[in-house]
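Here is what TrEMBL records for this protein:
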TRANSMEM  C:6-30  transmembrane segment
TRANSMEM  C:37-57  transmembrane segment
TRANSMEM  C:63-81  transmembrane segment
TRANSMEM  C:93-116  transmembrane segment
TRANSMEM  C:144-162  transmembrane segment
TRANSMEM  C:192-215  transmembrane segment
TRANSMEM  C:227-252  transmembrane segment
TRANSMEM  C:258-279  transmembrane segment
Amino acid sequence: MKKTLLSLFLLMGALLLVACSSSGEGDASGTESSGDSIKIAGIFSASGGAAALGEPEMQTLKMLVDQKNADGGINGRKIDLVTYDDKSDQNEAILSMKKALTQDKVSIVIGGTTSGNSLAMLPLAEQNQVPYISVAASKQIYMNENGQARKWVFKMPQDDQQAVERILQYLKDNNLTKVAWLNVANSFGTGGHEEFVKHMENYGVESVIEDEFEATVTDAKPLLTRVKKANPDAIIVWGTVQESAVVIKNIRELALDLPVLASHGVATNQFIEVAGDAANDVILPTGKLLIADKLEASNPQKELLIAYNEAFTAKYNKPASTFGAYAADAFSIATKAIEAKGDDSAALRDYIEQELGEYVGLTGTFNITADNHMGLSPDSFAMVRIVDGKWTLEDK
Amino acid sequence: MNKKSLKLIYNNSLVGPSIFFALLFCIPLVGSNYTLAILTMIGFYALVCIGLTMLTGYAGQISLGHAAFYGIGAYTSAYMTATLELSPWLAILVGAFISALVALLIGIPTFKLKGYYLALATLGFGIIVYTAFKELTSITGGSNGFFGIPAIQLFGFEFVTDQSFFYLIWLFVFIALIFSRNIIHSRIGRGLRSIEGSEIAADAVGVNLMKYKLQIFVISAIFTSISGSLLAHYVSFINPTLFTANTSIYLLIMVIIGGLNNIWGAIVGSATYVLLGELLKHFVPVFFPNIGGEFEIVFFGLLLVLTLIYMPNGLVPQFIKIAGKFQKKERPAPISFTIDTQATGGEVND
Amino acid sequence: METFSQMLQLLFSGLTIGAIYALIAVGFVIIYNVTGILNFAQGEFAMFGALISISLVKANLPLWLAIILSIVIVAVIGAVFERTAIHTARKSSMTTLIIITIGVSIAFRGIAILIWGTQAQSLPPFTDNTPIKFLEAVLLPQNLWAIGLAIVILIAMMYFFNYTFTGKSLTACVVNPFAARLMGINPNKMSLLAVVVSAGVGALAGTVIAPISGASYDMGMMLGIKAFVAAVVGGLTNAPAAIAGAFLIGIIEAFTEGLWSSGLKDVVSFSLLLLILFVKPEGLFAKASGKRV
């Protein structure tokens, strides 16, 4: 057994040398790739802590690339997609990015499931001058400290700020001025918290209590006793599916009969499945994917959303999510740019920033400009309420 | 422990390390940036593991909380260079100092405990520090992370390219390696080896166990902290998820796989961990197109278990054995005088 | 919410989570006492128990059957784990054994992702789950199941270890394996038995917690660590002490979260761990029997 194991190690070492040497060397600045295929990279957290977000993103991208190639590729050229799973680990994300940029020499990178990984990956995109479309939420990703757009970085999801502001608007419209804010203790949660604190006054909302719950929370009732004591008009629970489900279930169990608002992180059917009855009457902002069938026929997004939903569920046997939609939008925008400009990275970047114009995607209608590399406005969100296990439009 | 293996352990020549590092430093001339990035990553882990190997292999102490020192170094550097705008080298020193202090505070009560209890204490301490990183948002940025750590520079030269950082980190590793070997061959090292042989005997002879264990713990904390500081400048963005209990566990895994009995185990272990990850990333999609990172996790876990069951002393001893096979043939064994003492059963040897 | 109700609620929540920790901690303690190994993969048994029972329920088995079957399956997994990983490496050093169990837990987690994916899933509660109200505090029947089962297991363990031959044999293996062998007790068999029982109890813990807080591939790690802390705080030397420690940790966590801050919950638990380790390493509730510290 020892010998087998040892020879296994040596074999792997040999394979590694082969792998490394076969991929060329030297610096790359993302210029024309060899051969007739277009190279793009997808780097997502398909396993690890952020897998619930990253897996649908990865699957969506693969599905769309396959579809496109089956349709003949872009301008007759096949798309060569390299995907990397960074396992929700920042160092892995950096290494994958390096590999994609310097060895695979891709023309454009899509990915960075978590804000942390996106922030770690973007300096490499800037150094290597390759456009990078992020699928994470933080504003810092596409905007630097001076409020200017980072030249090589674009972002698909709405900012947390916009989601929070939709919630604040709803609170204001419904005269709920004293709220309890609870967020999950990770970067998704603290991102939302930061925006909440920054903007709540503008909407006349004050927080009577702000606290965190773990992503692994099993019973949030101790926390909720404090919430109950603080006597809020409404409770905001900002997290992704599993932990939000626990907290919201606990809220209903404690007979806290208050309006509960959640983040767009629970905008998936899986939430209803896990939370069960407690999911009813939860209100949240979401991209229009979930209520696609309720949109007016004139809404330009409707057809796209339904098509994506059907394709995804048919292929992967589970409901589509807004996270996958981010990857889909990134891909379709990248495709449009490649159709127009080929695979020169600098040209692609310029196209997306200057010539894309108004673009109807799954997440919303994008208006990317030199100053705004995200391009979505708050009305890309719809406020929905869960009624009887179904998504219904709350207003608009 | 025969004379041959003793010689290997006490091998103090500079030849080995010099050859290795000379070869290593030639790589940037031929390797791609990606190769350099991988090797740099190995370098960071190697620096940490050198300290950890000394702690685990020579001092016999298990630490499941070393990510805490990694993080202390990283956040100190981040805070001092980005927020306070001080020199990065000062920050590295301060980080190392803080880590050393914390190590002392934790070490003194903890080293009185035996075996597993130390592992738990360091696990607990590691999680407490991790929570501190998450909660002290004004200094660390909390879960949102710390963005915008400036590059490290020396007399105006900025270490931003892959090549420059490669040299920087491996220079530190080299220094750490030499320093560690000197410790091992000093009185401290001999004291520790005696502890490993038998604590009671060592104690009886007057070896001050506590002092030696503490010294090694502090040194390992300092190495780890320095590595963390350099990491912060390399990635320019850090967040608490880099310094969790999982990180500490993976560090320990690297040390064990490399081999506890030899300081080179640190480098071999780190290299194995990183390269294995890269290898799996490269080849798994070829054979199993639809499986993602999960398979890598399983494979890694299984490989770890198998390695530990069948190669419990890690990889380095295996390499030494193989190297031994290439050396000149052994002289025939001298005539041995064996006195057959068959104490049981009263059988007479024919 | 007025103070008495709040205290009551915190007590209920603390007891519930303490019960979960207890069920996992029992497994730890049994394995540790018989084999000397700290099993870092203990939490994963709970994870498997939860996920397997969920799959069985989805395959239309009645809940009670699904739970029993999943416990059996996890016990088998435990047996395989013992025979392959622990038994073969039993002569290795402590450090190696710890890392082996860590490696196994990593592999288990990976297997869980492969089979069930990353999404969280839910198990129906054992009985009708309408909350029972005490003033303003609320106790769910599922919580009662958790607490009840923990107490039942506690009593069963006490009986088992003190009044049955097999139980005493297990203890004998700890105190003096050589003498045990002389008495005809086979430590290898005992080791297997210990792991199988621990795995089963761990699986039970998983099925009890799944209706309360869902199940996913990564639920095992934190549960395992917390149960660890509980076992050490209570005392690794015997099961009842560990269970008492678990309830203590659960209550302390609940009260910290309820009266102070959730973020500092872990700090409090682990600081308590450190305090106990420094001051009374054998645990708060351990009998002064001088075994295994």
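Even glycines carry a Cβ here, placed using N, Cα and C.
Note that TrEMBL annotation is computational and uncurated.
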Contact call for the transmembrane segment (C:6-30) against the transmembrane segment (C:63-81), three or more Cβ pairs under 8 Å: no
Contact check, the transmembrane segment (C:227-252) vs the transmembrane segment (C:93-116), 3+ Cβ pairs under 8 Å, seq sep 6+: no
Highest-contact recorded stretch vs the transmembrane segment (C:192-215), from C:37-57, C:144-162, C:258-279, CB pairs under 8 Å: C:37-57
Most Cβ pairs under 8 Å with the transmembrane segment (C:37-57), selected from C:63-81, C:93-116, C:144-162, C:258-279: C:93-116
Tertiary contacts of the transmembrane segment (C:258-279) (same chain, 6+ residues out, Cβ under 8 Å): 6, 9-10, 13, 226, 229, 232-233, 249, 252
Tertiary contacts of the transmembrane segment (C:63-81), as residues 6+ beyond its ends and Cβ separation under 8 Å: 41, 45, 48-49, 52-53, 56-57, 104, 123-124, 126, 192, 195-200, 202-204, 206-207
